[in-house]
């Protein structure tokens, strides 16, 4: 009985061992953007217009492909949001400044984790370092929303294009973020975050986050581990049945031998009489 339990436990752990790493990998890069980004409008309204938020701004954000600056930008956004969070007290519930910033920080942290797992390869990066600047809440969260919007295209972005700023790009063209338009949440804060625009729909077939591909990738190792578990169970059952059959045969042989011995003993006693 103990051996049977041992085999069952072994099969279960084998399935978990094969299945769990893939699930973990899939979870890291699922879309981390939630409806919490809709609260940015309220947060910007709560902060003074002259309140300055420090951010290491990645040069070339306005002229380079998103995969060139997105990884560094979300990392710097995470640092700035953490610093901003420390300036508020967690004393109120609901949509307080603290809770909004905390939720936005968690979104960015998930983006950072995904960037680390899927860093572009063979990319010639610019040697220009990020510049530390101060932004108003309106400017800062415009950059935040733009970074989230760029994340949608990150998985299908080119891994080979260079990320070097052109020599004709002067510091005047990249020294500030354009905020000539009134602050508005881009479509990313609403419908674009979930079931996106036509451009993302065109890329869905190639995207590694296609639901069909995800389920296939998750089901395949689970099926393999299940088959292996049943195979081990079948082998053990066959071995157990063989042992039981031999044991029954041995018992029957012993009983027959005992009966023969008893008959022979009675026959000798009868002859003696």
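Every residue, even glycine, has its Cβ placed from backbone N, Cα and C.
Of the candidates 97, 195, Swiss-Prot marks one as N-linked glycosylation site, and that one is 195. The candidates are 26, 214, 265; Swiss-Prot tags 26 with the feature pyrrolidone carboxylic acid. The feature region 'Disordered', as given by Swiss-Prot for the ranges 190-211, 234-255, sits at 190-211. Checking the candidates 134, 145 against Swiss-Prot, the annotation N-linked glycosylation site falls on 145.
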